[in-house]
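Features as listed in TrEMBL:
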type: BINDING; residues: A:7-20, A:Gly101, A:Asn166, A:191-192; note: ATP binding site
2 protein chains.
Amino acid sequence: MKAIGIVVEYNPFHNGHVYHIEQARKSTSADVVIAVMSGNFLQRGEPAFVDKWARTTMALQGGADLVLELPYVYATAHAPVFAKGAIELLDAIGCDAFCFGSEDGDIKPFEQSISVLQNAGDKYEQIVKEAVQSGLSYPKALNEAYLYAVQLSGQSLPVADLTKPNNILGFHYMQAAREINSTMAAATIPRIIAGYHDDADDEQTIASATGIRKSFFDFDTLDSVRNFFPQGTFNTLTAWRDDKGSFGNWDSFYPLLRFTILREGPKRLAEIADIAEGIENLMFRAAKNNNTFEGFMSEVKSKRYTWTRIQRMLTHIYTGFTYEHRNEIGSASYLRLLGMTEKGQLYLNKNKKKLKLPLISKAAAFSDPSLQMDIHSADMYALGIAHNTNPPIVGGDFKRTPIILP
Amino acid sequence: MKAIGIVVEYNPFHNGHVYHIEQARKSTSADVVIAVMSGNFLQRGEPAFVDKWARTTMALQGGADLVLELPYVYATAHAPVFAKGAIELLDAIGCDAFCFGSEDGDIKPFEQSISVLQNAGDKYEQIVKEAVQSGLSYPKALNEAYLYAVQLSGQSLPVADLTKPNNILGFHYMQAAREINSTMAAATIPRIIAGYHDDADDEQTIASATGIRKSFFDFDTLDSVRNFFPQGTFNTLTAWRDDKGSFGNWDSFYPLLRFTILREGPKRLAEIADIAEGIENLMFRAAKNNNTFEGFMSEVKSKRYTWTRIQRMLTHIYTGFTYEHRNEIGSASYLRLLGMTEKGQLYLNKNKKKLKLPLISKAAAFSDPSLQMDIHSADMYALGIAHNTNPPIVGGDFKRTPIILP
């Protein structure tokens, strides 16, 4: 059975994702599609719209055959670390190839880019470092060094445009695969949605997840975004709303975040992963002054830090993830199975012995600091969600077994 | 001007307190009554029903002339430390005497008790220590040692019954006054309410604050307890309810407390003041399992720890008060003025130069780790209270000036 791996967040799963899965399967003639998916906190440093179990259900309904959890430590990290974790998992589960969305859907420019940077060597890292020290944001520093390396190489063939978010991730997937000497092939398919931050246009049936969420929060009804979902997603989201009454986002998590920032104080905040350079003082002051997340962010945001980078720090504050915690965690060390179709199950049965990492069906059966953080962050997420009908279940993630769909 | 000092919580202020102030004033022929009052967290380890500013207003309306804040570090400590902080403040502001409520209203047995224990010397401390080590709760250990000392002394005159909460505090006030060589005289008046935990009986006009709060939370209306308050208190509580919609108690603070316990985890909980002997593991498990404060407490409560002692730990968890914080704080170092009548103001003007500690009218004007904790705990309290009409004001305590009533 040929397996293609994809890296996803599904926040939430929509028609564009159905298309993405279909294309990935077709373009690589794969039998099974394996998705590595973020847990309850996402790469942009946000709580997910709905939790990983609801998103797994939607993914399986929408065409994925296996869903693995990308551990918290990777899922909430910047692109190089995020990509490394995801690629390690796809490699360990035995994928023949991985496939990502890019602006142009052409893998060649990515290959040129990798080769250009390989030739630039240490010089590249050094430029990145200097650019960050000079006050540039990390993505901008990367791009600066990249442009320099391209120029230096005299490369005349097209290289990937690394100012586009999807291209950046794709590039890092390929670099990570190289680093671990993976035998996986790389493939890419073109994005079909115009811009990442575009609003959902209700005359279309495909919009970005960001646009869908924005439209949802603006109109406060799932009907306003119904066109963009497969029926399964719509049902899952409706059931979630009926049970909880609210969806995950920083606006509704802010009272707990604010309490935590003020309780901790700058000194203890400085122990939290990614907090540096005195931003803890700024955050403490902003939490004092602001009753809303929007107000808080507008006080903390500056040129020096991207919105995403600040949000990642806030995620770590919210979950209590310290530098010390992070230091205990090394490379990817387990495959946490969130769900599978019968075909996915067949794949696992056939490849059981080839897996490079232990497959975890029930978290309680395995002990690992990274897995503990996955479970802990799921509990923290549950406490942030309002609960209409049932109070938050804490410790549920620890006992839960994978979702199995036909 | 003769000044009498009293130590109070006013949670909330009621008719029994009016009587107490009147009696204290009369029995000592005092011109002004100076109340040292806990801030937003109380000696039983609970958030106050309403904040210190609302309680100061009620106290001034009800007959007190000056209200000073008992700093957090004393207000949330066990009887000996609580009493020491309170007596240091009353001594520093120049009181001629202090007056406390006791079961029988007779000061002699307390004087006998003090003398008995003075004679027992180190032996007493040693028995307390051994009794605690043998598994007895602290109050029971104290009583054990006390009974032994009485027996040893061959004392035939009556001694105070130190199993009664009011008597215990009274005894510690007297002991503290001795320790600091205070020239204040000691006086006591009898309690007029039967038992500390009695329910409010609506055919009476005097009930314990505990009974009043219980009746209020049972019936969820201030009308049910209206008879027990002076009009000023009723107005202040009504205004509070209209503005906030909720009163302070652990039931409503529990979501923030639970989130904090689960976020911290046992290892960091162990750094919190008073946490010891592995109770952090029990608390972590109980927070996982319980959606309500009641359920949480019934899982944590054991013979070894009194309810009050557990609640004090929870207060410190909630406010983030660590052993390290506490170690930075020494003896009482300031007089924080919460409010005064014109007569109280006159007293201060006349005695300005005799004060033994700096008088703080505005927290922003003074820097001290204990005062910082008072302000911080006020902020933490504000975040726990629901807010109907206005969002919580954080940092308000830092800027606030004393209440002045005619």
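Just so it is clear, glycine is given a Cβ too, placed from its N, Cα and C backbone atoms.
Feature annotations (TrEMBL) mapped to structure.
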{"residue": "A:Val7", "record": "ATP binding site", "contacts (Cβ under 8 Å, 6+ apart)": "A:Ala35, A:Val36, A:Leu70, A:Ala83, A:Ala86, A:Leu90, A:Phe98, A:Phe100, A:Leu169, A:Tyr173"}
{"residue": "A:Tyr10", "record": "ATP binding site", "contacts (Cβ under 8 Å, 6+ apart)": "A:His17, A:Ala35, A:Met37, A:Arg55, A:Met58, A:Ala59, A:Ala209"}
{"residue": "A:Phe13", "record": "ATP binding site", "contacts (Cβ under 8 Å, 6+ apart)": "A:Arg55, A:Met58, A:Ala59, A:Gln61, A:Gly62, A:Phe229, A:Pro230, A:Thr233"}
Secondary structure of A:Tyr10 (ATP binding site) (DSSP, helix/strand/coil): coil
